[in-house]
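The following features are taken from Swiss-Prot:
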- Glu131: active site (ACT_SITE)
- Cys88, His130, His134: Fe cation binding site (BINDING)
Amino acid sequence: MAVRFIREDGDEILRKVSKKVDVIDERIKTLLDDMAETMYAANGVGLAAPQVGVLKRVVVIDVGDGLMELINPEIVEQEGEQIDIEGCLSIPGVAGEVKRPARVVVEALNREGEKITVEGKELLAVALCHEIDHLDGILFTDKVIRFIDEDEMERRRENKRRNKIRQNKG
């Protein structure tokens with residue numbers, strides 16, 4: 001396993017449509033391993049193959065419930081809407097509010113080539129949509145409603161910490 005270089009906004013590969021994976025071989029499994037290591041090293045919750053320079057429909061996600069590896073992911077169902085703050089490892093220092101579905105169902109293959117179905121709500125729904133967008137050359141900044149500056153981000157983090165403390169006491 002190896003940490004790969006994360007491509008940043010302005011790199012043309014981030015704007016290209018990724019190709020479907022036809023065969024899950026050792027190269028794809030190594031890619032999955034490297035992507036997970038890269039995502040964790042960068043403190044991310046998701047990473048798509050184009051972000052490490054590979055135009056294949058492969059993503060890894062971990063929103064705190066364990067690593068998810070998705071090959072050829074496709075959103076097959078979505079409902080509701082939510083607005084949340086997003087950032088991106090390929091666009092460091094930038095955050096903004098983005099409207100996404102509140103719930104999505106994604107079909108994909110796992111590393112063994114088995115079909116899997118993932119239902120995502122809240123943060124997982126956001127992460128699934130965000131990473132699948134990468135596979136189509138779409139960045140979150142294309143969908144941003146409003147950019148958030150660092151001061152506002154810090155205020156929101158502090159409010160979340162306070163709310164967690166209140167919940168734990170109550």
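Note: Cβ is positioned from N, Cα and C throughout, glycine not excepted.
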Inset, instruction - List the same-chain residues at least 6 positions away in sequence whose Cβ sits under 8 Å from the Cβ of Glu131 (active site), in sequence order, or say none. - result: Gly46, Leu47, Ala48, Val59, Ile61, Leu70, Pro73
Inset, instruction - Give me the non-local Cβ neighbours of Cys88 (Fe cation binding site): same chain, 6+ apart in sequence, Cβ-Cβ under 8 Å, ordered along the sequence. - result: Val94, His130, Leu139, Phe140, Thr141
Inset, instruction - Specify the count of other C-beta atoms within 10 Å of the C-beta of His130 (Fe cation binding site). - result: 24
Legend entry - Cβ-Cβ neighbours of His134 (Fe cation binding site) (radius 10 Å): 22
Inset, instruction - Starting from the Cβ centroid of Cys88, His130, His134, which together make up the recorded Fe cation site, report each further residue of the same chain whose Cβ lies within 8 Å of that point, ordered by sequence. - result: Gly46, Ala48, Gln51, Glu86, Leu89, Ser90, Glu131, Asp133, Leu139, Phe140
